[in-house]
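Colleague: This is the structure, below, for whatever I ask next.
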């Protein structure tokens, strides 16, 4: 369906849980999070109701996120049921891949089309530091397994932070020459724990691109959040997601469902609607989703204000 600004909204990002088995420095506090009561989070059946209703309004792309979506007990069942909605054309997931190796084959059979893997360092000790305890070898094994079963595309999402991992930019780029893997560099955002790191850690996409004259621009869809490039030798693209230096609001085609059941029309807006109050009434749920999509804000003002208006952490909204 169209919002009031004429944009086609066909993409729903679903945070199935705010819990995670890592505690990345820009996402979660060191002590982790307080576990929510069961009644305060969406059950898998409720999530599916929202997905089904959204599909009736023209949503045909679903991405499951977290927290870490693979710790949700029924994630395979949720993917399978979503795949049976005839109008849903694409089911994707963003994961840290710690648990992916043992699950990816069944998830692919259930209907998962592609994965984005959050990976902010290729160095074992640094990865452990950024994630506060993660085992990078589990991620590497998950990538290898995903490639071996034909999962395509596989994209690596990397948040670049000055003085932390910016010396690995070339190493990440070179992955696209060696493997059929896309890499997405994401600008650090002043949201949640990222506010602490932003002043000293922010690097613009343009700064990175300007240092790589051999990058070749690739045509990008209007709704894409990434500007795409590749090397002559690349097997896949290199993308730059630049919410702080080049916002993509005019082509935005997405809304977000949080693990608490709130529908956010914009990542960086305070505006949200609690759909848990409506999941028992199909018509009311459909109407509330329709209303929220229609009233999606024209744009965010994070570039001008250097801060997101959203008071939620990224693990609550979905990465």
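Each residue, glycine too, has its Cβ placed from N, Cα and C.
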Colleague: Taking Swiss-Prot at its word that 13, 63, 155, 254, 255, 256 bind GTP, choose the one of 94, 95, 220 listed for that site.
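Modeller: Matched candidate out of 94, 95, 220, per Swiss-Prot for GTP with 13, 63, 155, 254, 255, 256: 94.
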Colleague: Quick one: mean pLDDT on the domain 'Radical SAM core' (4-227)?
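Modeller: Summing pLDDT over the domain 'Radical SAM core' (4-227) and dividing by its length gives 96.
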Colleague: Using a 10 Å cut-off between Cα atoms, which of these binding-site residues sit near residue 155 (GTP binding site): 67, 118, 189, 249, 252, 266?
Modeller: 118
Colleague: When DSSP states are folded down to helix, strand and coil, where does residue 249 ([4Fe-4S] cluster 2 binding site) land?
Modeller: helix
Colleague: Just to be sure I understand the packing, how many Cβ atoms besides its own are within 10 Å of the Cβ of residue 255 (GTP binding site)?
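Modeller: So the number of other Cβ atoms within 10 Å of residue 255 (GTP binding site) is 24.
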Colleague: Can you give me the Cα-Cα distance between residue 63 (GTP binding site) and residue 252 ([4Fe-4S] cluster 2 binding site) in Å, rounded to a whole number?
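Modeller: About 15 Å separates the two Cα atoms.
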Colleague: Could you round the CA separation between residue 94 (GTP binding site) and residue 118 (S-adenosyl-L-methionine binding site) to a whole angstrom and send it over?
Modeller: 7
Colleague: Have a look at the binding-site residues 67, 118, 252 and say which one has the shortest Cα distance to residue 27 ([4Fe-4S] cluster 1 binding site).
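Modeller: Nearest in space to residue 27 ([4Fe-4S] cluster 1 binding site), counting only the binding-site residues, is 67.
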